[in-house]
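Summarising the annotation, TrEMBL assigns transmembrane segment to 25-46, 52-71, 78-96, 116-135, 147-173, 179-199, 211-234, 240-263.
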Amino acid sequence: LIFQKCAHLRLVCRAEQKPYYRSKLWWCGITLLGLGEVGNFTAYGFAPITLVAPLGCVSVIGSAFISVFFLKRTMRAADILGGTLTITGIYLLVTFTPNVPQELTARQVQNYLVSWPFLVYSIVEIIIFCILLYFYKRKAVKHIMVLLMMVALLASLTVIAVKAVSSMIALSVKGEMQLTYSIFYIMSVLMATSCAFQIKFLNQAMHLYEATAVVPINFVLFTTSAIISGVIFYQEFQSAALLNVFMFLFGCLLSFLGVIVIARNKKEEHLQIPFIDCGHIPGQKLTGKIQPDSHSSCYGTLNKEDDAVKRQS
């Protein structure tokens, strides 16, 4: 995500604008994001959703360190404090995560898919998503919360499908063939479709807002949505002790606080344009470069020879 944001900033500073998907740096970010998702996909086959999803906070810590090199930021005391809180939350998540069977057969997935709690949850989620999509498309509302809430709603379907597909592949590799069931292909299509639209809305958010705002908000919303879907669809907390549930939620809270502390009051430094190149201004034949005077009332404008715009020192 940092690579993608850096690519957007560089494209803004270029005189000749071109689509972001023609940037090598942007595609580098997409490639790394894809590799990370392959790792997530594998993890869902061996661990509960309620454990794998919150561990995404590691990416936020990584973003804080990577930003130092690519977005020219300085490491702050808040970053260290937030990292400490996040690591403590990770320890609690790993220690108190529910111990549930991870080998899911195709028939189990089918039973979960038609259970009434998931059907109610799906209807509510579809209604909320349609309302957000209406404001996004018809009203042109592109607020960061609208974009990232749509990403989170799609993510809940993604993690359900990824968990099912990964588990069925793992069982098939062990010799218990699951790929002959139609539910495997239904879940594969659901996984691919929801992932594609997630990337669309997430990239839109990265283009319009700072990475320091997008990354933590996306993490909190994505994690909350994934945990709810894991609890409802796969019933991962059905037999968990009350203490385990409390400590697990406390670990999530610490992780959220750590992410918020890292992102709080953190301003993104945009790439600076040191001069205005008159040769790239439409209708101008000049090729000189002038340094705008920030103390002048005509800052950023070209002075005419007929003194229509008065010069100020």
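Keep in mind that glycine also has a Cβ here, set from the backbone N, Cα and C atoms.
Note that the structure is a prediction, hence the values are computed from the model and not measured.
Sequence-remote contacts of a segment are chain residues at least 6 beyond its ends whose Cβ falls under 8 Å from one of its Cβ atoms, and for the transmembrane segment (25-46) they are 1-4, 6-8, 10, 52, 56, 59, 102, 159, 162-163, 165-167, 169-170, 195, 199.
Within the same chain, residues 30, 33, 37, 106-107, 109-110, 113, 150-151, 154-155, 157-158, 160-162, 164-165, 168-169, 172 sit at least 6 positions outside the transmembrane segment (179-199) and bring their C-beta atoms closer than 8 Å to a C-beta of that stretch.
The transmembrane segment (240-263) and the transmembrane segment (52-71) are in contact, since at least 3 Cβ pairs between them lie under 8 Å (pairs 6 or more apart in sequence). The transmembrane segment (52-71) makes contact with the transmembrane segment (211-234), as judged by at least three Cβ pairs under 8 Å among residues 6 or more apart in sequence. Sequence-distant neighbours of the transmembrane segment (116-135) (same chain, 6+ residues past either end, Cβ-Cβ under 8 Å): 141, 146, 149-150, 153-154, 156-157, 228-229, 232-233.
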